[in-house]
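Student: Pulled these features from Swiss-Prot for this protein:
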type	residues	note
BINDING	His87, His482	Cu cation 1 binding site
BINDING	His89, His132, His543	Cu cation 2 binding site
BINDING	His134, His484, His541	Cu cation 3 binding site
BINDING	His479, Cys542, His547	Cu cation 4 binding site
DOMAIN	37-153	domain 'Plastocyanin-like 1'
DOMAIN	163-319	domain 'Plastocyanin-like 2'
DOMAIN	428-562	domain 'Plastocyanin-like 3'
CARBOHYD	Asn42	N-linked glycosylation site
CARBOHYD	Asn83	N-linked glycosylation site
CARBOHYD	Asn119	N-linked glycosylation site
CARBOHYD	Asn208	N-linked glycosylation site
CARBOHYD	Asn244	N-linked glycosylation site
CARBOHYD	Asn336	N-linked glycosylation site
CARBOHYD	Asn384	N-linked glycosylation site
CARBOHYD	Asn392	N-linked glycosylation site
CARBOHYD	Asn402	N-linked glycosylation site
CARBOHYD	Asn445	N-linked glycosylation site
CARBOHYD	Asn448	N-linked glycosylation site
CARBOHYD	Asn451	N-linked glycosylation site
SIGNAL	1-29	signal peptide
Amino acid sequence: MGARCLALLLLYGTLLLLLLLPQLPLAGAATRYYTFNVKLQNVTRLCNTRAIPTVNGKFPGPKIVTREGDRVVVKVVNNIKDNITIHWHGVRQMRTGWSDGPAYVTQCPIQTGQSYVYNFTINGQRGTLFWHAHVSWLRSTLYGPIIILPKAGLPLPFTEPHKDVPIIFGEWFNADPEAIVAQALQTGGGPNVSDAYTINGLPGPLYNCSSKDTFRLKVQPGKMYLLRLINAALNDELFFSVANHTLTVVDVDASYVKPFDTDVVLITPGQTTNVLLRAKPTAEAAGATHLMMARPYATGRPGTYDNTTVAAVLEYAPPGHIKSLPLLRPSLPALNDTAFAAGFAAKLRSLACPDYPSNVPRRVDKPFFFAVGLGTTPCPGSNNQTCQGPTNTTKFTASINNVSFDMPTTALLQAHYTGQSAGVYTADFPASPLEPFNYTGTPPNNTNVSNGTRVVVLPYNASVEVVLQDTSILGAESHPLHLHGFDFFVVGQGTGNYDPSKHPAEFNLVDPVQRNTVGVPAGGWVAIRFFADNPGVWFMHCHLEVHTTWGLKMAWVVNDGPLPEQKLMPPPSDLPMC
């Protein structure tokens with residue numbers, strides 16, 4: 001009897017260990033602890049001072065530095081009046097969906113005076129990601145970099161840099177962004193655009209009252225630098241370039257790519273791009289001041305984006321006297337240069353080598369066709385006079401397959417885990433538009449959308465293909481779509497309407513780029529594939545915050561697999577309540 005009990009105890013211990021494996025750091029890995037105190041801080045930009053939400057009083061927020069395989073533990077304490085969550089953008093969160101962060105999807109928000117501990121392990125990723133708030137528009141100031149170094153002893157698959165530098169793009173609003181979005185939702189119109197772009201929180205010399213608020217990157221002649229580009233802007237894709245310097249792209253969304261040279265990088269909100277920059281020899285460098293500049297790639301209608309340019313300075317050591325040196329500005333593409341956007345995306349290829357294989361699904365279990373774009377919804381009958389949407393009787397909205405997603409008041413993951421989804425969500429999100437139309441042609445007469453909290457349920461480890469098709473209902477426009485909980489492979493893209501009888505034969509199943517956020521081309525389509533190997537509930541949404549606000553979002557429910565290590569971990573004891 002005693003031997004039998006011991007055997008059962010050992011079996012129980014083995015099963016428990018298997019359950020905990022994703023939470024345990026690998027041998028030689030570390031556990032890295034952080035505390036994020038969310039609090040208001042007075043910050044002045046453009047000669048305008050505003051009390052903004054920050055982490056630990058810093059803007060941008062502190063960086064997290066970790067290695068592949070490490071566990072990261074972050075205690076977030078909310079000291080502001082708004083509810084808060086933090087999303088670890090791009091982190092796979094294998095079986096740890098409770099730490100993903102989107103409000104009312106994987107957790108209820110952290111209320112004022114409360115705290116929550118995010119606990120996750122970095123699995124199979126190295127490069128640059130970032131963290132940001134995931135409630136309303138609070139991420140306009142609550143963001144910071146996540147630096148993922150390779151496992152100790154593993155070399156980089158490109159030239160070792162002398163130094164690496166985060167370059168975070170953001171948007172500055174003189175007004176409170178929460179008031180801006182509240183007004184837009186009340187009127188049904190588009191929100192006011194930002195007053196400036198920022199690089200590492202600073203607007204730079206091209207804006208009024210901002211020459212002293214300029215980021216300066218000091219470099220040594222001849223040295224190699226790794227720039228970790230992060231687009232944390234709310235609503236704008238950006239072109240970026242450094243005057244008189246070539247950039248070598250080596251990593252996107254914490255996945256290595258085949259290196260290629262470019263003068264300009266296109267980066268959408270939610271994307272990261274690591275580029276190498278070799279500083280020029282002394283004789284060349286001393287003769288000029290080099291600007292680093294970014295401005296929007298804008299395919300929407302005029303007035304819907306901030307049409308300004310942000311600049312920083314690349315400064316050689318020893319620095320020259322700026323007033324006496326010629327000022328070199330980079331050449332940036334036209335605002336709506338869709339050809340450059342398509343060409344840049346086509347250059348991105350994964351390494352697809354033995355050390356970093358490209359495990360793209362070659363067969364598809366679950367195909368989906370998602371038509372994405374803007375639409376309308378009628379104004380309330382008694383408030384027609386306040387409507388400022390496409391017409392005076394409609395409001396702007398956005399949808400996937402004509403479903404504008406309604407956020408629940410209970411976290412979807414909690415409802416799924418407890419088996420109490422009734423009244424929270426329905427598992428009937430359409431796999432394709434119920435009423436197909438010429439997506440990039442003449443818009444249909446009826447532009448109204450439906451509403452609902454509808455999800456797709458996937459069996460564990462299903463191979464999934466999603467074709468994301470832009471629509472011209474209210475004008476063709478690029479949409480950066482972000483998928484939580486997974487990296488996906490971008491197997492194809494094109495202009496016009498997707499043709500299922502023609503385009504799959506052109507898919508790249510050898511070395512497609514792997515990422516977590518992809519730009520759906522304006523007036524075109526993009527195809528992605530991934531394995532549903534991460535149980536939980538995973539948000540998918542446009543990373544233009546205004547479009548997410550209007551409903552361009554949905555959720556995937558991935559069921560548990562049969563084995564212990566294929567099941568969602570239990571919720572932590574401090575999970576916030578709604």
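Using N, Cα and C of the backbone, Cβ positions are placed for all residues, glycine too.
Would you situate these features in the structure and describe their surroundings?
Tutor: Other Cβ atoms within 10 Å of the Cβ of His87 (Cu cation 1 binding site), summed over all protein chains shown, number 27.
In the three-state DSSP scheme, His132 (Cu cation 2 binding site) is classed as strand.
Close to His134 (Cu cation 3 binding site) in the fold, though at least 6 residues off in sequence, lie Thr85, Ile86, His87, Gly101, Pro102, Ala103, each with a CB less than 8 Å from its CB.
Counting only same-chain residues six or more apart in sequence, the Cβ atoms lying under 8 angstroms from the Cβ of His547 (Cu cation 4 binding site) belong to Leu374, Ala398, His479, His541.
Residues of the domain 'Plastocyanin-like 1' (37-153) grouped by DSSP class, helix first, strand second and coil last, total 6 helix, 59 strand, 52 coil.
The predicted model assigns the domain 'Plastocyanin-like 3' (428-562) a mean pLDDT of 98.
If you take the C-beta of Asn42 (N-linked glycosylation site) and look for same-chain residues 6 or more apart in sequence within under 8 angstroms, you find Thr49, Arg50, Ala51, Ile52.
Within 10 Å of the C-beta of Asn83 (N-linked glycosylation site) there are 18 other C-beta atoms, taking all protein chains into account.
Under the three-state DSSP scheme, Asn208 (N-linked glycosylation site) falls in the coil class.
Sequence-distant contacts (6 or more apart, same chain, Cβ under 8 Å) of Asn244 (N-linked glycosylation site) comprise Lys280, Ala288, His290, Leu328, Pro330.
The DSSP secondary structure for Asn336 (N-linked glycosylation site) is coil.
The Cβ of Asn392 (N-linked glycosylation site) has 12 other Cβ atoms within 10 Å, all protein chains considered.
In this view, Asn402 (N-linked glycosylation site) is surrounded by 22 other Cβ atoms within 10 Å of its Cβ, with every protein chain counted.
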Student: For His547 (Cu cation 4 binding site), what is the secondary structure by DSSP, using just helix, strand and coil?
Tutor: helix
Student: Out of Asn119, His132, Asn208, which of these recorded positions is nearest His484 (Cu cation 3 binding site) by C-alpha distance?
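Tutor: Sorting the recorded positions by distance from His484 (Cu cation 3 binding site), the top entry is His132.
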Student: Could you give the Cα-Cα distance between His132 (Cu cation 2 binding site) and Asn83 (N-linked glycosylation site), in whole Å?
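Tutor: Between the Cα atoms of His132 (Cu cation 2 binding site) and Asn83 (N-linked glycosylation site), the distance comes to 14 Å.
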Student: Enter the number of other CB atoms within 10 angstroms of the CB of Asn445 (N-linked glycosylation site).
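Tutor: Total other Cβ atoms inside 10 Å, all chains included: 5.
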Student: If I take the Cα of Asn392 (N-linked glycosylation site) as reference, which of the recorded positions His89, Asn208, Asn445 has the closest Cα?
Tutor: Asn445
Student: Please spell out the DSSP helix, strand and coil residue counts for the domain 'Plastocyanin-like 3' (428-562).
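Tutor: Its residues divide into 10 helix, 59 strand, 66 coil.
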